[in-house]
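**Student:** Below: one structure in structure tokens.
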Amino acid sequence: MTDQTTSARPASGGFSIDFKAWGPLLALAALCIFGFILNPAFASEGNISNILTRSAFIGVIAVGATFVITAGGIDLSVGSMAAFISGVMIMVMNGLVETMGVSVATILVGVGLSVFLGAMAGLANGLLTTRGKIEAFIVTLGTMGIYRSLVTYLADGGTLSLNFDLRSLYRPVYYGEVLFVPVPVLVLAIVAILGWVLLNRTAFGRHCVAIGSSESVARYSAVKINRVKTLTYVIQGLCVSLATIIYVPRLGSASSQTGVMWELEAIAAVIIGGTVLKGGYGRIGGTVVGAIMLTTIGNILNLTDLISNYLNGAVQGVIIIVAVWLQRGQWKRRGRSGDGG
Amino acid sequence: MNLKSTLTALAVAAGLTLPGAASAEKVKMGVSIPAATHGWAGGLNWHAQEAKTRLEAAYPDLEVVLVTANNPTEQANALEDLVSVHQIDALVILPFESEPLTGPVLNVKESGAFITVVDRGLSQDGIEDVYVAGNNPELGRVSGEYIKSRLPDGGDIVVLRGIPTVIDDERVEAFEAEIEGSGINVLDMKHANWNRDDGFTVMQDFLSRFPKIDAVWAQDDDIALGVIEAVKQAGREDELFIVGGAGMKDVIKRVMDGDELVPVDVLYPPAMIATAMDVTALKFFSNAPVQGRYVLGAPLITPENAKDFYFPDSPF
């Protein structure tokens, strides 16, 4: 298994590496052209801005997921975690309105709480997988159920809504713009750049790749496996918290429906972007492109009535599979060496 | 070992004597409803809980056992427990789905219990003694009627549908029938899954796609709240109005306050579970005949009557 991953890359040569890098972007470009042909409104400034802004939640979460997956883990709890953190944030901020009033300070307490909860939730996932020696799939499946139930319980099965005046104050964090760039897009860009540096230019990033390739080899190389793996979950938790900080001002509410399926969208974005699901190879840039692609598919389907609504899921499925197939470059390899796969 | 066997014996004794003793005097009403997985169901749970408290206070000889389920299988299991463990005298059920629960409800009926079915009918006639139904086609019709009255010369509208289900189909078909021939043109319909976030994104895309929209039929209040945000973001509040449905407190509040963007709402009340529980209790504690079908209206909520439908304490 180990030999395969390490030897497969040099063997695949220049072509495949190009496709790993440019494949997701090419697929996105093709999708955009397709969208424009179906409806020229696709290319309007407002629509492009909508797509990028919407991509921010999944994009930010997926950057965190890139670390977890690169290091050989998986986190299924992110969607529920986002819902739970949003819910608690809203409740606490509503409670503080009486003592602290409708002020920036109230919002900052909410934001701080969100960061704290995100880090703690990530730490819990990390420690249970590393110290607790339980498979990440099971740990995060468990926490996924726990957070989802907790937010349903907190909301009495209904919806938690942020105090109206507080929301007006908080609104610019989603709807505002800095130098014509919507704030959520800016946040995604910053998170992506920080993530890229962390994964590609630091010892921590190299350790993530090493652990994902082979835990035992990494252990012999004196990599602190438990610490690095736990940290990837903490990063994931922080990314989820950041996503909730820009999500809450959008509709000012959280319910049991918040963040449903976000975990799968995040994982899909990561894989479309070229990261390997079993770990050992991660691409932040690709992840961001993957997240934008997923949003774009939904957007194009809304802009046309050519395809029956009932088939939306099927179209999404086909595009995701084709995108990853193109990116893996299997079709090229077969052309060169007959039985390449 | 000793302790364990004593405990078992106690448990068995308790299990045997308590329900027997209780059912000798008390009427037991089992209420089985879907768990609070979305806003409307949250309201359903809240109203069921409220009705339980109120009915138990009103009729000291009544005991209400409220159970929730996450899917049809769980609900079928819950029905078995209601019969075998609680030995219920009456069942009030809002079935998750009609087909898979028809058999299990029939089994409850065969145990001799009085059956009240709410909202979704069973797929076989004659099982239930009482049927309390919300009126999905009526919701579509009333919404269509209102939009027609606001756009007498026709106009362009968009429709946000719910989750692809029979309920959604019934509403949309009745809506389409009502606006037929009125000159109202449906630009497009998309599913927003009775969800705020989906309502927001679908509406954003409708707004980039269509330069002129005169009205939005959101069909559901959760969707409507997402739609409101998208419309505000685009700054197009003045060109259109939104019609939701269900009777969520946030939306009724807006109607009450005379919001131009959300001038009305159409009721599809989660409180219908309370209607069913009350009617079922009457069967045991009064001489009033109750067997039959009760079809609730889907009245238009306007600023004038909104306060009658406003429950600020309900989660929905």
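Just so you know, glycine gets a Cβ as well, placed from its N, Cα and C.
Automatic prediction, not curation, is the source of TrEMBL annotations.
As the structure is a computational prediction, the values presented were derived from the model and not from experiment.
When I checked TrEMBL for this same protein, it listed these features:
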type     : residues  : note
TRANSMEM : A:21-42   : transmembrane segment
TRANSMEM : A:48-69   : transmembrane segment
TRANSMEM : A:102-124 : transmembrane segment
TRANSMEM : A:175-199 : transmembrane segment
TRANSMEM : A:230-248 : transmembrane segment
TRANSMEM : A:260-277 : transmembrane segment
TRANSMEM : A:284-301 : transmembrane segment
TRANSMEM : A:307-326 : transmembrane segment
**Student:** Does the transmembrane segment (A:260-277) come near the transmembrane segment (A:307-326), with 3+ Cβ pairs under 8 Å (pairs 6 or more apart)?
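**Tutor:** When sequence-distant Cβ pairs are counted, the transmembrane segment (A:307-326) touches the transmembrane segment (A:260-277), since at least 3 lie under 8 Å.
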**Student:** Count the Cβ pairs between the transmembrane segment (A:175-199) and the transmembrane segment (A:21-42) that lie under 8 angstroms and are 6 or more residues apart in sequence, then report whether there are at least 3.
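**Tutor:** As far as Cβ distances go (cut-off 8 Å, pairs 6 or more apart), the transmembrane segment (A:175-199) and the transmembrane segment (A:21-42) do not touch.
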**Student:** For the transmembrane segment (A:21-42), which stretch among A:48-69, A:230-248, A:284-301, A:307-326 has the most Cβ pairs under 8 A?
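**Tutor:** If we count Cβ pairs closer than 8 Å to the transmembrane segment (A:21-42), A:284-301 scores highest.
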**Student:** Using Cβ atoms and a strict cutoff of less than 8 Å, what residues sit near the transmembrane segment (A:284-301) while being 6 or more residues removed from its termini?
**Tutor:** 20-21, 24-25, 27-28, 31-32, 34-35, 38-39, 42, 47, 50-52, 54-55, 58-59, 62-63, 65-66, 188, 192, 195-196, 199-200, 265-266, 268-275, 307, 312, 315-316, 319-320, 323, 327
**Student:** Other than its close neighbours in sequence, what residues sit by the transmembrane segment (A:307-326), given a CB gap under 8 Å and a spacing of at least six beyond its ends?
**Tutor:** 19, 23-24, 26-27, 31, 268, 271-272, 293-294, 297-298, 301
